[in-house]
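Trainee: Please find one structure pasted underneath; my questions will follow.
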Amino acid sequence: MVSSKQTQLKKGKQPSWIEMYLPKEVRPYAHLARLDKPIGSWLLAWPAFWSVALAADLESLPKMLAIFGWWAVWIRGAGCTINDYFDRNFDKKVERTKSRPLASGAVSPAQGLWWLAFQLFIGLGVLYQFNVLTLALAIVHVPFVFAYPLMKRITYWPQAFLGVMISWGALLGSSALKGSVVPSIAYPLYISSFFWTLVYDTIYAHQDKVDDAKAGIKSTALRFGDATKMWISWFGVGCIAALVIGGLILNIGLPYYVFVAIATGQLVWQIFTVDLLSPLDCGKKFVSNQWFGAIIFTGILLGRLFP
């Protein structure tokens, strides 16, 4: 039998750290949680990190970032697992996804559900140290995580639902530190993250648009078609406008706006240079969004340090 490492080498791919360092029995579960592809965890974590950076004092900041980073890794893994569970029959028809553990049979549906329960337990467990509101918000978030994969079957706007779900950390960060969802902190960040998600996940959806159309999977990529760049340009405007308005409300220092300007340039670069006919380029532009999140986070910190 050819090992997964040998198969990857034959396809011209370098084996990930999962193949190199994890026991064979564990590898399918690590792949199911996309532990070798951290971009999804970053995208879930950044709204929480932004909110924490605005709400926390410098002494508590490292601990809070570690807690929400842990939460993001495991909840994102749970989201990938439930997505693959619901989509396992569709994934078999899509070139990019047919080798996923549930689609390929490396993990059975029952095993996938047990793995899902474990990830939710670990991800939510770390939040038990916070107030009741924060824990309640985290629990309310879970049905949105479960529902997202189903949206691709009923609407051409699943990316909007993803924006609602993946921006949740903006609410949790202020709640955990302030005891309530502080509107001046949480709402501008949530709105900005929502529009940002519409930009990057529409680009992401263009990778699979041909296979998705054949399989009956809906997306904004298929909805917008040749008008995609116009649509995501307006979403980008909404994202940046919310960040600027939030900064003005909180009276954040000048460095924040400098970094928002840099992030704007990064977003403009994505939108105007992405080749929507190239799955490879769409994937690269999607992954580059980890840097957009980092730029905004840096701007928030410096804006608070140098008001």
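In case you wondered, yes, glycine gets a Cβ from its N, Cα and C as well.
Okay, these came from Swiss-Prot:
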TRANSMEM  38-58  transmembrane segment
TRANSMEM  62-82  transmembrane segment
TRANSMEM  120-140  transmembrane segment
TRANSMEM  154-174  transmembrane segment
TRANSMEM  179-199  transmembrane segment
TRANSMEM  230-250  transmembrane segment
TRANSMEM  252-272  transmembrane segment
TRANSMEM  286-306  transmembrane segment
Trainee: Considering only Cβ pairs within less than 8 angstroms, which of the stretches 38-58, 154-174, 179-199, 286-306 has the most against the transmembrane segment (252-272)?
Mentor: 286-306
Trainee: Count the Cβ pairs between the transmembrane segment (154-174) and the transmembrane segment (38-58) that lie under 8 angstroms and are 6 or more residues apart in sequence, then report whether there are at least 3.
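Mentor: Between the transmembrane segment (38-58) and the transmembrane segment (154-174), which are separate recorded stretches, there is contact, as judged by 3 or more close Cβ pairs.
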Trainee: Between 120-140, 179-199, 230-250, who has the most Cβ pairs under 8 Å to the transmembrane segment (38-58)?
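Mentor: Highest pair count goes to 179-199.
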Trainee: May I ask for the residues of the chain that lie six or more residues beyond the transmembrane segment (120-140) and have a Cβ under 8 Å from a Cβ within it?
Mentor: 67, 70-71, 73-75, 77-78, 168, 171-172, 175-176, 179-181
